[in-house]
Ligand SMILES: Nc1nc2c(ncn2[C@@H]2O[C@H](COP(=O)(O)OP(=O)(O)OP(=O)(O)O)[C@@H](O)[C@H]2O)c(=O)[nH]1
């Protein structure tokens with residue numbers, strides 16, 4: 001019998017490079033919300049991929065950026081503590097963006113995590129010509145001594161399996177870390193909140209995304225379907241009106257989109273009620289961050 005491998009892998013890179021989309025594509029299910037707005041991911045999400053040659057535990061992390069708030073600082077600390085423990089770090093850069101100082105900084109920082117093997121993934125290859133991709137690959141290969149460099153598109157699925165095949169071989173030899181019928185450590189409660197946040201993120205304008213947080217209040221039995229009550233938090237009174245919209249129109253659209261995702265995850269219909277509430281300047285307040293689960 002061949003040796004089986006198991007261990008932890010994390011994707012790192014600037015915000016919005018496609019880390020969460022790639023994780024979802026690798027496991028074939030949606031455990032991490034994604035959006036066109038940077039800094040969507042706010043916690044380490046674990047998804048488990050059972051591969052013919054072993055088991056990959058994928059830890060999805062927030063994008064690395066210069067922290068401007070206490071929340072930003074906490075997210076960066078979470079990235080550091082997670083990377084200290086993982087077996088493989090996959091550095092991601094999108095093919096359609098120039099490699100910049102932000103990328104160089106992240107790569108230089110990887111030397112702080114000597115335990116992990118490092119690979120580079122060039123994401124979103126569907127967006128560029130072969131010529132441009134070749135140039136990008138050359139540039140990435142000059143940045144560090146990578147164990148592998150793989151171009152991939154999470155959108156078209158191109159090379160997604162190859163990414164898993166390569167990572168599993170780099171993991172230590174050992175037995176499965178999780179029973180093979182578990183797919184994520186995310187609870188349904190976590191996912192409900194994240195689906196509401198994702199729906200809201202897609203609709204609000206530039207400034208607001210960072211101000212949004214969602215908590216689950218309760219799930220109560222209804223006549224024919226459960227009532228799910230969540231709070232959608234903003235930072236200021238003025239933001240409340242934006243999220244609710246004219247005569248509640250925005251909130252209704254958010255609710256409808258979120259309910260669809262939640263029902264598809266749970267496999268049964270629900271009633272969703274969203275209460276918009278203010279937690280004054282929560283990104284900068286230790287007390288408020290605690291209340292919102294950070
Ligand atoms: N064309 C194309 N777009 C992609 C691909 N992968 C991701 N995207 C898009 O890029 C955007 C960012 O994707 P995410 O997966 O949220 O990026 P992330 O790196 O996890 O972002 P943060 O959570 O902010 O760190 C989304 O709009 C995705 O739809 C891809 O392979 N091709």
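Any Cβ shown, glycine's included, is placed from N, Cα and C.
Going by TrEMBL, these are the annotated features:
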type	residues	note
BINDING	13, 14, 15, 16, 17, 18, 19, 20, 123, 124, 125, 126	GTP binding site
DOMAIN	5-173	domain 'Era-type G'
DOMAIN	204-280	domain 'KH type-2'
REGION	13-20	region 'G1'
REGION	39-43	region 'G2'
REGION	60-63	region 'G3'
REGION	123-126	region 'G4'
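Assigned with DSSP, the residues of the region 'G1' (13-20) fall into helix, strand and coil as follows: 2 helix, 0 strand, 6 coil.
Residues 13, 17-19, 22, 92-96, 133, 151-156, 158-159 of the same chain lie 6+ residues outside the region 'G4' (123-126) yet bring a C-beta within less than 8 angstroms of a C-beta in it.
Residues 13, 14, 15, 16, 17, 18, 19, 20, 123, 124, 125, 126 are listed as the GTP binders, and the farthest two of them sit 19 Å apart at their Cα atoms.
According to DSSP, the secondary structure content of the region 'G4' (123-126) in residues is 2 helix, 1 strand, 1 coil. The 10 Å shell around the Cβ of residue 15 (GTP binding site) contains 15 further Cβ atoms across the protein chains shown. Counting residues per DSSP class in helix, strand and coil order gives 32 helix, 24 strand, 21 coil for the domain 'KH type-2' (204-280).
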